[in-house]
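If you look up Swiss-Prot, you'll see Asp336 marked as active site, nucleophile. Per Swiss-Prot, the feature active site, proton donor maps to Glu371; the stated evidence is sequence analysis. According to Swiss-Prot, the feature compositional bias 'Basic and acidic residues' maps to 458-467. Marked as region 'Disordered' by Swiss-Prot: 458-479. The site 'Transition state stabilizer' annotation in Swiss-Prot covers Asp443 and is backed by sequence analysis.
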Amino acid sequence: MTQLAIGKPAPLGAHYDGQGVNFTLFSAHAERVELCVFDANGQEHRYDLPGHSGDIWHGYLPDARPGLRYGYRVHGPWQPAEGHRFNPAKLLIDPCARQIDGEFKDNPLLHAGHNEPDYRDNAAIAPKCVVVVDHYDWEDDAPPRTPWGSTIIYEAHVKGLTYLHPEIPVEIRGTYKALGHPVMINYLKQLGITALELLPVAQFASEPRLQRMGLSNYWGYNPVAMFALHPAYACSPETALHEFRDAIKALHKAGIEVILDIVLNHSAELDLDGPLFSLRGIDNRSYYWIREDGDYHNWTGCGNTLNLSHPAVVDYASACLRYWVETCHVDGFRFDLAAVMGRTPEFRQDAPLFTAIQNCPVLSQVKLIAEPWDIAPGGYQVGNFPPLFAEWNDHFRDAARRFWLHYDLPLGAFAGRFAASSDVFKRNGRLPSAAINLVTAHDGFTLRDCVCFNHKHNEANGEENRDGTNNNYSNNHGKEGLGGSLDLVERRRDSIHALLTTLLLSQGTPMLLAGDEHGHSQHGNNNAYCQDNQLTWLDWSQASSGLTAFTAALIHLRKRIPALVENRWWEEGDGNVRWLNRYAQPLSTDEWQNGPKQLQILLSDRFLIAINATLEVTEIVLPAGEWHAIPPFAGEDNPVITAVWQGPAHGLCVFQR
């Protein structure tokens, strides 16, 4: 029987060198680690890892080849009160595995036990890691490196974006390949998108609770193997990595960046009643934040929280991020529940992972976007991330909806959000692009649902409509649900136009939710994380071409306005912005706080956004000059308007002089 050589303690994971495979695994509290390899017949062969350098266990298996399936059994104490839950009866996934064979099914054998260990062996049904070799021809691929000031983000789901697209070949719809298909790339280019932000593509599992209800985790925020691509999005699991990189290469050639939504805050092992896949059995005490009673700190709402202040976990997270940049050429990351990244346990800008990213010559050069909160006390950290990070700006989302749909926001508050929320982000040398402005995202109502539903309708999620937020700031315009009279449809359309214009012509970095540009609805479901069906898949056959053209025209207009693309804070008198009332005069203090919802925003001294957010048609006196309405608010041939615009109720228009 082949014996393991000691091998090397780095890098982490399984690496083929042409002669064999080096295996390394971190565990600070293990007493023994067994490498378990499986032959073509499924027969298991076990080897003790002979090397033990600090907290790294390692060994080298001569003659091992790519395609070898493996896992680990880790021996150590079962002391739940101390945070130790070692159970060598359970086969464990390598945290750095780059491919997984098998499915993460709801099975009692995939649990380690709660108070007492479950010593039933699970190797027969446990997913296995696969050794991969990395050979790929990137040709002349180069990152687009779009300046932040010119960035337009499009948030999309790999499957949902393309699964129903009639012009993409059936056999590749819903896959990585479809992202790189010319039809999709041409669409993104025509729309004006510069960055495609993908919901999680690292391998994830569906929670046992969902599986028992016949549902699945659709969004992907339940990670199980952070270095492995989710195989369900590949035409073939064995070629997933090549398919993904082919798509990135094609997108790069078109000048489109790729940003990955990544989940470093928790794992699919959930709470103590959750499954055992990997980290809990390898070194529970090190990988997770553990309470004094041995249970998890649940700062994520998902049952556990990764301890990103632990040096080994920081190394793991950093290696994961570098892998996606160096191996897959991704251009940035959006970090889910990113306040966890800064917990020590208190949130700190100089937390270990932030410092590691700042000091990394690879990671410090890509786009970094934080979802700047978690659910723990002190978890709301909007505006408090280190300067390298941009942040989701929920202030903007709520203000835009309140202004146009609830009519309860003063002009001053609206203008502050329009100006990149400088009261929040203008600090520590940060630029306006640090504010990722959004009106909608995957989490919440779609844009169409914002104007069609007053209340969430999440019954299909199986929680009796308890899940999902109740704070939607939506307005159904008098009738709950889709459809209605022509007048109702037109009023809803006008509100959509107003919200899109506010999003795409405000200072900061705009993020558009895929499907909003053609009227996609989730029928009032504002938490569709478990709906892998036509509720979430974009129906291109029903797409509103008029709304798509309107959105594209706004994006292309944005790119013409220096005040929006130069990425400099607006200062009084610098020519970037003037705030005027309905009479083209500067607003008084009282008008900012108590005046009617009528406003003119003059950008770069040439572009004028005239707003009438009142219930009545109102005359808006334009500033001096010869003005004409510009697309998408008018055709190419427009009469000159010298004095007054008849502003419709809840309307706006953009002019140029």
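Heads up, the Cβ atoms here are built off N, Cα and C, so glycines get one too.
Quantities reported herein were computed from a predicted structural model and do not represent experimental measurements.
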Problem set entry | Largest tally of Cβ atoms lying within 10 Å of a Cβ, found at which of the recorded positions Asp336, Glu371, Asp443 | Asp336
For this session: Work out how many Å separate the residue listed as 'active site, proton donor' and the residue listed as 'active site, nucleophile' at their Cα atoms, rounded off.
Result: 5
Exercise. So how many of the residues in the compositional bias 'Basic and acidic residues' (458-467) end up helix, strand or coil by DSSP?
Worked result: 3 helix, 0 strand, 7 coil
Seminar exercise, completed: Quick note, Asp443 (site 'Transition state stabilizer') and Asp336 (active site, nucleophile): C-alpha atoms separated, nearest Å, by 11
